[in-house]
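Enquirer: I am attaching a structure below and will ask some questions about it afterwards.
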Amino acid sequence: MLNTGDTIAAIATAIVPEQGSIGIVRLSGSEAVAIARRLFHSPNRQKWQSHRLLYGYIRHPQSQAIIDEALLLLMLAPRSFTREDVVEFHCHGGIMPVQQVLQLCLENGARLAQAGEFSLRAFLNGRIDLTQAESVVDLVGARSPQAAQFALAGLQGKLAQPIRHLRATCLDILAEIEARIDFEEDLPPLDHAAVLHSIEQVFCQVNLILATAERGELLRSGLKVAIVGRPNVGKSSLLNAWSRSDRAIVTDLPGTTRDIVESQLVVAGIPVQVLDTAGIRSASDRVEQIGVERSRQTARSADLVLLTVSAESGWTQEDEEIYRSVSDRRLILVINKIDLANPETVIYPAEIKRVVKLSAAQNQGIEDLEKSLINAVQNQELQAANLDLAINQRQAAALTRAKIALQQVKKTIDQNLPFDFWSIDLRTAIQSLGEITGEEVTESVLDRIFSRFCIGK
């Protein structure tokens, strides 16, 4: 574990050469204000007050050379993110100003912060719990408005509150059980039915929250979608129509697309990486052969395959062969060019359940494609959850452990086993729920969580 008694410093804003207008250097710790007083000089002798901006210059303490014109923000403990004294130098952006100011801070008593160390201190000092800390990372890395919305909900405690309530319920049940173990003769008999009812209520709530795990994974990682098919079925036209751009070259010549063309979209709040692939066919051209092989590899690694065929030519033997090679993937059949031919004449395998008929050239049917895509990746359990939550993999794993433990408690009660057996599994559930908020967590878990943060957070 890091030494939390040190005063730490880091650049808190992204460094963008010649573009960033503002750069922030952040300090946190008992020496933060003292370091700031050595470096910052206000021409009008302004009073140093918490949560007030001061205007002035950052000077080298020995040479008195001006390093930058800046604003200083003090946030004195405990009214700061870390609940320590926090100082921010708001400098000019770019590379040199913030790096020079950071170096001065380090030369005057601060230590360079490690990844996530500001947020770690906020957690250790009780300012935030683990779910809120993880939500900070999610908010910074959000790739869609919906992802940002769920991250903000987590930051506001929307996950921590129900988890704490469930854990408190389990603790109350455990207290009743252990009281019967220690003072059985002095207390009335335990109502088994009431205990079982409470356990089942907790179990149902755990299941509801677990149902948001798939949503969370989609919002954080996004969806990789591969457009595959034989040449000249309109794959590149589909990419262009969907992305509302001319990312891919479109011609009537087979084999025009020879490499993977990518576009980033957001569909119903989910980040989607759309990959237009080379037409799959037997090719004599070496370059085209490489493109075809890349198409097959992309299809195998995609979360969802859009198998694209032409309404003009119908379902061909080539389409059948391509379908058989990707039939084990999550798949949508896209019948393109419906402006040129009747799509009802396309006879495709009956086992294909998700079919979208569109015209990429006429920009028809794109909304239907997006609806089908969302239906393909979101199961009914997720849609039914309807919670303002999107848990991550760590939280889902802990909830799964709690769920298994609660199942075992129910089984133990049904089998009328001694109270000692009830308490063992109930303690496991309590510990697993505590791991989510950080009430019960190991140092190695903390290291793993906060190592994902950028320096300065």
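Here the Cβ of each residue, glycine as well, is placed from N, Cα and C on the backbone.
Below are the features listed in Swiss-Prot for this protein:
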BINDING   R26, E88, R127, K457  (6S)-5-formyl-5,6,7,8-tetrahydrofolate binding site
DOMAIN    222-378  domain 'TrmE-type G'
BINDING   N232, T251, L253, T256  K(+) binding site
BINDING   232-237, 251-257, 276-279  GTP binding site
BINDING   S236, T257  Mg(2+) binding site
Enquirer: Let me spell it out: for each of the binding-site residues (N232, S236), count the other Cβ atoms within 10 Å of that residue's Cβ, using every protein chain shown. Which one has the most?
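Expert: Counting every other Cβ within 10 Å of each candidate, the maximum falls on S236.
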Enquirer: According to DSSP, does N232 (K(+) binding site) sit in a helix, a strand, or coil?
Expert: coil
Enquirer: Within a 10 Å radius around the Cβ, which one of these binding-site residues has the most neighbouring Cβ atoms: R26, R127?
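Expert: For the binding-site residues R26, R127, the Cβ with the most other Cβ atoms within 10 Å is R26.
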Enquirer: For the binding-site residues listed here (K235, K457), which one has the lowest count of neighbouring CB atoms within 10 Å of its own CB?
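Expert: Counting other Cβ atoms within 10 Å of each of the binding-site residues K235, K457, the minimum falls on K457.
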Enquirer: On a count of neighbouring CB atoms within 10 A, which of the binding-site residues E88, A278 is highest?
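Expert: Buried the deepest by this measure is A278.
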Enquirer: Can you give the mean pLDDT for the domain 'TrmE-type G' (222-378), rounded to a whole number?
Expert: 80
Enquirer: Going by Cα-Cα distance, which of the binding-site residues (R26, E88, R127, K457) sits nearest to K235 (GTP binding site)?
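Expert: It is K457, whose Cα lies nearest.
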Enquirer: How big is the Cα-to-Cα gap, in Å, between E88 ((6S)-5-formyl-5,6,7,8-tetrahydrofolate binding site) and S236 (Mg(2+) binding site)?
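Expert: Just about 49 Å between their Cα atoms.
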Enquirer: For A278 (GTP binding site), which of the listed binding-site residues (R26, R127, S236, K457) have their CA atom within 10 A of its CA?
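Expert: Near A278 (GTP binding site) by Cα: S236.
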Enquirer: Between R26 ((6S)-5-formyl-5,6,7,8-tetrahydrofolate binding site) and N232 (K(+) binding site), what C-alpha distance do you get in Å?
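Expert: Computed Cα spacing between R26 ((6S)-5-formyl-5,6,7,8-tetrahydrofolate binding site) and N232 (K(+) binding site) is 56 Å.
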Enquirer: At the Cα level, what's the spacing in Å between K457 ((6S)-5-formyl-5,6,7,8-tetrahydrofolate binding site) and S236 (Mg(2+) binding site), rounded?
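Expert: Per the Cα atoms, K457 ((6S)-5-formyl-5,6,7,8-tetrahydrofolate binding site) and S236 (Mg(2+) binding site) stand 41 Å apart.
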Enquirer: Pop the Cα-Cα gap between R127 ((6S)-5-formyl-5,6,7,8-tetrahydrofolate binding site) and S236 (Mg(2+) binding site) into the table, whole Å please.
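Expert: Given the Cα positions, S236 (Mg(2+) binding site) is 50 Å from R127 ((6S)-5-formyl-5,6,7,8-tetrahydrofolate binding site).
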